[in-house]
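Quick look at what Swiss-Prot lists:
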ACT_SITE  Asp80  active site, nucleophile
BINDING   Phe27, Asn129, Phe329  substrate binding site
DOMAIN    155-303  domain 'TRUD'
Amino acid sequence: MIEFDNLTYLHGKPQGTGLLKANPEDFVVVEDLGFEPDGEGEHILVRILKNGCNTRFVADALAKFLKIHAREVSFAGQKDKHAVTEQWLCARVPGKEMPDLSAFQLEGCQVLEYARHKRKLRLGALKGNAFTLVLREVSNRDDVEQRLIDICVKGVPNYFGAQRFGIGGSNLQGALRWAQTNTPVRDRNKRSFWLSAARSALFNQIVAERLKKADVNQVVDGDALQLAGRGSWFVATTEELVELQRRVNDKELMITAALPGSGEWGTQREALAFEQAAVAAETELQALLVREKVEAARRAMLLYPQQLSWNWWDDVTVEIRFWLPAGSFATSVVRELINTTGDYAHIAE
């Protein structure tokens, strides 16, 4: 299995180095749910600004303040502790009057707004995230500048970031041990983390192999294509390749790669043979996913950061802004820009 640091680059390995997250203010994330609170209902949506505390900690503190069980406070996604982040929490308070959340006190956390809502906010129920990153001590400004220009046109590999695999790859190692021993895993969180790491690693492997081809965005017979921003896909046939290639070049369609699991992967013929060969050596992880009934799915192979802009504060410091859809990783964008020092694994998804 290829480790994250050794995965194939779309724009070649960066020539320079730089520092990501010298301080929390260098990594700002603003959650985009894609909808507004209903203004009525038994739930309360609470938009918070936090710095130095993780999402679960804030959710538990909010539950205590509202005198409800911790399970009654939900969120769409975990946000990094060591960053400045805005996100929504959702508290279920049936039959209660609207509390004064301006009185909620927690170090490093501020309530920005809150309103009634009809539905629980579930994990993954967000449109995306807006990022503002500051890279410091950049050793090769010209290389980073050209890479930013290239990313605007060609995007970046849609890799799952190192944080998906745990510090030191612990989640993937857990999945491998589980696959090899077949010992039942009772802890639901471990099961979820390990299965997710296994499937994500196989996806990354397929994308890394595809990137080694001369033209990564060349449609081949049997490719599974999806409309940009949509989840469903269809299979490319030889008769349609010219027209489908035009639509891929126009970013109307995206070539996808497999998230292996039980059931059909979605590709056929040449594309299916390529994907199967790319992960042929990982029989244990594939068998684990099938055994645990994790359904196969598809994910876009490339990622195009939206609203990408940047500003050089000086020759060694650049501020970069962009928006990514839910499930994508800012660190996979940074990886194509600079060689960073430190481990990405501590950065929450």
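Glycine too: its Cβ is placed from the backbone N, Cα and C atoms.
Keep in mind that what you see is a predicted model, and the values were worked out from it rather than measured.
Of all the Cβ atoms in the protein chains shown, 20 others lie within 10 Å of the Cβ of Asp80 (active site, nucleophile). Cα proximity to the residue listed as 'active site, nucleophile' (within 10 Å) is found for the following binding-site residues from Phe27, Asn129, Phe329: Phe27. The DSSP breakdown of the domain 'TRUD' (155-303) into helical (H, G, I), extended (E, B) and coil residues amounts to 73 helix, 23 strand, 53 coil. Residues Phe27, Asn129, Phe329 are listed as the substrate binders, and the farthest two of them sit 13 Å apart at their Cα atoms. According to DSSP, Asp80 (active site, nucleophile) sits in a coil region rather than a helix or strand.
Taking a C-beta cut-off of under 8 Å and a sequence gap of six or more, Asn129 (substrate binding site) has these contacts in its own chain: Val29, Val30, Glu31, Asp32, Trp323, Leu324, Ala326, Ala330.
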